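Quick look at what TrEMBL annotates:
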DOMAIN    21-130  domain 'Cadherin'
DOMAIN    131-239  domain 'Cadherin'
DOMAIN    240-347  domain 'Cadherin'
DOMAIN    348-452  domain 'Cadherin'
DOMAIN    453-562  domain 'Cadherin'
DOMAIN    577-680  domain 'Cadherin'
SIGNAL    1-23  signal peptide
TRANSMEM  689-712  transmembrane segment
Amino acid sequence: MHRAKRCFSAVFVICTLWSSTLSVTRYSIPEEMERGSVVANLAADLGLEVGVLAHREVKLEMFQESNKYLDVNKKTGELYIVEKMDREYLCPSKTATTCFVKLDVIIESPLRIFNIELEIKDINDNAPRFRRDRAELDVSESATPGERFSLPNAVDPDGGINTVKMYKLSESEHFTIEIQTGSDDTKYVDMVLTKALDREEHAVHHLILTAVDGGVPARSGTANIIVRVLDTNDNAPRFDHTVYSVNMTENSPIGTLVMKLNATDLDEGPNAEIKYSFTLYTSEKTQDVFALNPNTGEITVKGTIDYEDMKFYEMHVEAKDKGQHPLLGQCKVVVRVTDMNDNYPDITVKSYKSTVNENIPVGTVIAIVGISDRDTGDNGKVSLSINPNLPFVLNKSSDVLYELKVSEPLDREQVPEYDITLVVTDGGTPPLSDNETITLHLLDVNDNGPLFPQSFYTIPVMENNAPGALLSSLTAFDPDLHENQYLVYFIIEKEIVNTSMSMLFSINPENGNLYALKTFDYEIEKEFLFHIEARDSGVPPLSSNVTVHIIIVDQNDNPPVIVSPWRAHGSVVEEKIPRSTDKGSLVSKVIAIDTDSVQNSRITYQFLQVTDATLFSLDQYNGEIRTMRMFSYRDPRHQRLVVIAKDNGEPALSATVTIKLSTVETAVKAYSDMTEVPLEYDIFSDLNLYLVIGLGSVSFLLLITILVTCVLKCQKPKPSKAAPPSRNSVISDRNSTIADSTLVSNDAYWYSLFLAETRKGKLVVRQPVPKAGSRYIVSSLPRSTGLTETSDSAASTLQVRINS
């Protein structure tokens, strides 16, 4: 409610600067305004809504000032004073007629920048002050009226009308003052002798010099002037010119000669010897930059000449003789400084975003960059640039401001961060430049799905594995970071014969290790095909899957099983052969099967024991036992053969059969001729069925053999003597009988076919069928008999019908 009392009168001016397409808002306020004083309603002047301003971030940036003097009330939109502003501190140059403070109002969401120029008007808050409050002058009594004497001038930090405007001298009949104005409007005062002096009447004059400024109310300062009257030295030194002008280049080396002053004195002797010195009018700063040789009058450089600090210097020099009563002459030397390109341009980064998401839209402002140069003319013209290969661009918003924007899509997986070097260059000869590097870090977003090194994995697993065994490690890679790269693995469910994959395998969800949950049997399960998915933890999550092919590798875990000749467990096979058997005749055939595969199922046969090694030979591949020669009367009637069937596994497994051969004198016809019959079959897992069928078949064959033998014995002889059966026919019948029992499948497995029974005109052959698609070949059925065959896989029965 007291805002109106605290607010000073403010002059508001808005100018549109079309040269830079930038609006500048100008305000004018007096210095030393109290804290909290309102400068203006910034929201109304800039056309902003106060309600919207409260929800947007507002920044106030002052150029070349670290103190915060102003701020914006976001609730009311008013620009108010935070700290008192002293014009003499902000604009120390006495030559400046106006004092402007430049600042930027930056409003984000969306980003808008407003340029503000605040004029600080001077108030009379400083009183004039003399450098010395006491000045002593020695004046010869021979001084003529009109002679001038320099008095110390007063200094007032205020400017304009508030600086020193006049001087007053206390009442004196001999002296008066004259005020002179310098090129910078500084007031200088000379004391002028108006009446001749008489040392004998008045040796010392005490005067008071008062300096008054032009403020309202006026302020003043005083200095004591003591004039001592000296004896006569009637000629003062004189310079050739009262004003000298010299041009100097800034940064001239120390010791450089500026000029040499020359003053002459018409007196002789000590009264003509001259000593040069700076007068009190010469500022201390000027005396720090230039040196004056008191004997020669040479002015040389002893400090740094900086055009940006001072554009010209004024030196007030006096020449004083060495008379008993020295006299002096004065001149003014003006040194004008020529600018050089000696200042490097400056870079100021504002509203800088150091971290952004990698999917930041193109055109987003990353930073606002300000540039400046203290030089003038072409030396002060600056430009800003960056590396053109970076995905960023500079947009010039004013003569001294640039916006750094994203020009291309960014990808953290390719470049996680950017070092952006800002290079500012001026237009001098040679040009000067400076640079500043800012680092932009990209934050990860979930834009990459997990990747497996392979799209298809084939994993061999040895059968009879231990449950829980590690099969393989299926690891995917996600180039994202943090939760976006944390992967979870799981098996995509797939049922096989009412069994899900999760019942057979498990996968560690954290590292992708694949385990077997059961022991696999190659003879039952040979392969599995399923999918594994890897999913990251991002939002939304991304995933990918891979196909896994598990191949069960066969192990030599099944020994060969001898199915022919059949015998009870642990018993000996007994067979009879005629003693008249020829060389090379088939005696018997050993058939073994192995449920393993490939190498492990390849069976070879060898004699483990044999009564006479010269009598029989054994084919190691098909198991056929043949005679190597004919029987002699010396050979025993009973031969004992032990055959071992060995598979090709590592280590090898084996089975043995013992065959007891008895030789007889007569031929025995055991089987009828049979015709090859194809047979499809399945494999029974129970071996006991083989034993039952084999036992029945052998019993049936034995019964048939006995019946045939009896019939032959009981036949009556005919009148003509019949020829006995030849040895070759007996051997042929025997071979046919043995061959009739052979069975082969397209998988190269050898089986024995057992004749079980005959019922109602059917010859029923029972044999386990290994698998679908296999075929049996039944050999040597009687040619005179018409046969058909059917296969009942479910009952594992081959039926051969006799069509008579």
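Glycine is treated like the rest: Cβ placed from N, Cα and C.
Please treat TrEMBL annotations as automatic predictions, because they have not gone through curation.
These figures come from a predicted structure and were not determined experimentally.
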Counting Cβ pairs under 8 Å to the domain 'Cadherin' (577-680), which of 21-130, 240-347, 348-452, 453-562 comes out on top? 453-562
For the domain 'Cadherin' (21-130), name the stretch out of 240-347, 348-452, 453-562 with the most CB-CB pairs under 8 Å. 348-452
Using DSSP, how many residues in the domain 'Cadherin' (577-680) fall into helix, strand and coil? 4 helix, 46 strand, 54 coil
When the pLDDT values for the domain 'Cadherin' (453-562) are averaged, what is the result? 88
The domain 'Cadherin' (348-452), counted residue by residue under DSSP: helix, strand, coil: 4 helix, 51 strand, 50 coil
For the domain 'Cadherin' (453-562), how many residues does DSSP put in helix, in strand and in coil? 8 helix, 52 strand, 50 coil
Determine how many residues of the domain 'Cadherin' (21-130) DSSP places in helix, in strand and in coil. 13 helix, 46 strand, 51 coil
Counted with DSSP (H/G/I as helix, E/B as strand, rest coil), the domain 'Cadherin' (240-347) has 10 helix, 48 strand, 50 coil
